Structure formats: C-alpha cells, structure tokens
Amino acid sequence: MTQSFKTPTQTPLLGLSLAKLTEWVQQQGQPAYRGKQLYQWIYQKGAKSLADITVFSKQWREEISNFPIGRSVIHHRSVAPDATVKYLLKLSDGNIIETVGIPTYKRLTVCVSSQVGCPMACDFCATGKGGFSRNLEAHEIIDQVLTVQEDFERRVSHIVFMGMGEPLLNTKNVLAAVRSLNQDLGIGQRLITISTSGIRDRIRQLAQHKLQVTLAVSLHASNQRLREHLIPSAKFYPLADLISECREYVKITKRRISFEYILLASFNDLPDHARELAKNMRGFQCHVNLIPYNPISEVDYQRPTQEMIKTFANALAEQNIAVSIRYSRGLEANAACGQLRASRV
C-alpha cells in the first residue's frame with residue numbers, strides 16, 4: 001500500500017527510509033534523485049526544516065517549507081563534571097522529554113526516552129513521580145540521537161533505551177526507531193540496548209522479531225514480595241513468570257539477557273538476597289548489572305556502602321553468576337539512572 005503525504009501534519013519525514021523519501025519527492029513532482037539528497041540532509045547534515053536544504057531551489061523550498069522534518073528544540077542543557085550532558089527537549093506539541101549524552105574516549109552513548117513520563121511508577125525512580133502523558137513517535141526517538149550527535153559533533157556509537165518511559169509499552173515506535181537507527185544512521189543492533197521493567201508477554205513478542213539488540217530487564221529484587229514493593233506492576237506479573245519468559249527469549253534469540261539490579265541499602269543488598277537472586281539466574285545466558293542507588297528527593301532510600309556493594313557482587317560471583325557493577329554517569333546533573341524527570345537542574 002502506497003503511503004500518502006497529502007498534508008504537512010500527516011507524516012514527519014524523519015524516520016522515513018530512502019525509498020519512502022524518494023516516493024515523497026516524486027509525489028511533490030520532483031525527480032527521484034531529490035530523494036537521496038533529502039535523505040542525506042536529514043540523516044547526515046542535520047537539517048531542521050526543509051527550508052535549510054540549499055540544494056533545492058528557493059521556489060521549491062518555499063512550496064514545501066511547511067512539511068515537518070520532525071526535529072525537537074533543546075529547551076535546556078546541563079553538563080555534569082564528568083562531561084555527561086542532559087538535555088530537555090521540547091517536542092512539537094510542547095511536551096518536554098529528557099535525553100542524556102554519555103561520552104567516553106572511544107564511545108558516545110545516548111540514553112533515549114521512549115515515552116513522555118512513565119506509567120510504571122517504580123518506587124525509587126524520579127520519572128514515574130511525574131506521571132505519564134503519551135508514547136513517543138519513532139521520529140521523536142530518532143531525533144534524540146541526532147540531537148546528541150550534532151551537539152557533541154561526533155558520531156553516536158551506542159544507544160540505550162533507559163530514559164523516560166517503558167519501551168515495551170511502545171513497542172511499535174521503539175522497533176521502528178531501532179530499524180531506522182540501524183539502517184539510516186548505521187548504528188549496529190548489537191550496540192542498542194532496550195530496557196524493560198517486564199511487561200507480560202512483551203518480552204516473548206520482542207523475541208519473535210529476532211533482533212540482535214541487547215535486552216536489559218529491570219529486576220531490582222530477588223523475590224516477588226520485594227519486587228512488588230518497588231514495581232507496582234509486578235503484582236500482575238509474578239517473578240517466576242518473568243524469568244520463564246526471559247529464558248524463552250534467550251532460547252529464541254541466542255542473545256544474553258542483562259538483569260538490572262538497583263542496590264538499596266538495608267532493603268535488597270544483603271548476601272542472602274544475592275544468593276536468592278542467583279537461584280533464578282541459573283541455566284541460561286544472563287548477566288547481572290548492579291546499580292548502586294542514585295538518590296532522588298521524593299523517597300528515603302539510601303545508597304549502600306562500597307563494602308556492601310562489593311560483598312553483594314562477590315556473593316553472586318561465588319554462585320557462578322556473571323556480575324558487574326555500574327557506577328552511573330551524570331549524577332551531579334540529575335542525569336543518572338533513576339533520576340530523569342522533565343525539569344531543569
């Protein structure tokens with residue numbers, strides 16, 4: 001079925017493939033080669049509007065100037081001492097989302113949002129405290145990556161869907177964005193991580209696409225009781241069922257799963273918790289990523305001591321579970337894991 005482009009508000013051009021952009025320019029009465037030019041200006045030269053594309057005639061630029069590419073505006077930008085940058089991006093409808101650029105010597109990672117706000121309301125996370133507005137469209141996800149790439153003036157190498165929102169409650173647009181980021185920006189699927197708190201049947205559905213992305217499951221607890229306290233939706237999705245679905249995912253995709261585990265002092269950080277967690281991890285390809293808690297003002301959780309963090313990690317390692325400790329970047333800019341919310345810092 002041929003996609004129609006009759007009105008300026010119908011389809012932002014960002015996210016469309018070369019073939020679709022070629023179709024679009026032909027529908028506007030232009031030769032097919034203009035499609036490649038448009039593609040290059042959108043994905044490689046960072047055009048914010050069609051009026052920016054100087055290889056097009058002035059007359060045609062004026063005729064198509066109201067058709068949206070689909071770019072956001074940087075509403076606010078804050079930089080942490082470790083060079084991590086947090087962006088508040090203003091969307092076309094006025095909503096604000098957060099994106100984080102995390103540079104190292106060899107990498108530039110972008111932490112992207114998949115929703116405006118988050119409906120999951122995890123007890124330790126700032127994003128859920130602000131409520132939920134809507135899903136992001138695919139072009140609004142792609143735009144976040146382009147924004148960071150242009151601001152840093154270097155190529156993005158890795159993408160993590162660990163910003164605002166639950167990606168598997170917006171699977172259609174997240175997968176469309178992943179395909180475009182892979183095909184149009186040249187970012188390998190294995191360098192893209194999709195994080196989820198665990199939505200019944202969605203991990204199984206994701207497995208059917210047989211993507212080479214990394215799946216990160218936010219577990220955060222070693223048993224059902226603790227998990228229900230941290231993640232309200234866990235009441236409707238028993239831990240045993242979630243682990244079973246994760247095992248099925250690994251079997252189908254042949255890809256290792258990463259389990260994210262936020263360490264909260266005197267709540268889920270004891271060696272007994274580690275041993276209980278290990279029982280769930282045996283028998284399939286997985287890795288546990290420990291995240292020392294990053295404080296937010298709304299709750300009273302505390303970060304464990306360095307000694308407790310290492311003790312927990314060692315307890316997992318003794319059970320032959322692959323484990324690492326992730327010390328979040330951007331803490332001073334409120335850009336670390338669990339701190340994202342659409343507000344200035």
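Placed from the backbone N, Cα and C atoms, the Cβ positions cover glycine too.
Per Swiss-Prot, domain 'Radical SAM core' is recorded for 104-332, and the stated evidence type is sequence analysis. Summarising model confidence by region, the domain 'Radical SAM core' (104-332) averages a pLDDT of 94.
According to Swiss-Prot, the feature disulfide bond maps to Cys111-Cys337. In this structure, Cys111 (disulfide bond) is part of a beta strand by DSSP. Taking the Cβ of Cys111 (disulfide bond) as centre and 10 Å as the limit, one finds 28 other Cβ atoms among all the protein chains shown.
Packing around Cys122 ([4Fe-4S] cluster binding site) is summarised by its Cβ count: 21 other Cβ atoms lie within 10 angstroms of its Cβ, all protein chains included. The [4Fe-4S] cluster binding site annotation in Swiss-Prot covers Cys118, Cys122, Cys125.
In sequence order, Ser114, Gln115, Cys118, Pro119, Met120, Thr196, Ser197, Ile199 are the residues of the chain that are 6 or more apart from Glu166 (S-adenosyl-L-methionine binding site) and have a CB within less than 8 Å of its CB. The feature S-adenosyl-L-methionine binding site is assigned by Swiss-Prot to Gly165, Glu166, Ser195, Ser218, Leu219, His220, Asn294, with sequence analysis given as support.
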(Q) Among all protein chains shown, how many Cβ atoms are found within 10 Å of the Cβ of Ser195 (S-adenosyl-L-methionine binding site), not counting that one? (A) 22
Q: Fill in the CA-CA distance, Cys122 ([4Fe-4S] cluster binding site) to Ser218 (S-adenosyl-L-methionine binding site), as an integer in Å.
A: 10
Q. Could you give the Cα-Cα distance between Ser218 (S-adenosyl-L-methionine binding site) and Cys125 ([4Fe-4S] cluster binding site), in whole Å?
A. 12
Q: Return the maximum Cα to Cα distance in Å (whole number) over the record's S-adenosyl-L-methionine-binding residues: Gly165, Glu166, Ser195, Ser218, Leu219, His220, Asn294.
A: 19
(Q) Measuring Cα to Cα, how far is Leu219 (S-adenosyl-L-methionine binding site) from Cys125 ([4Fe-4S] cluster binding site) in Å? (A) 14
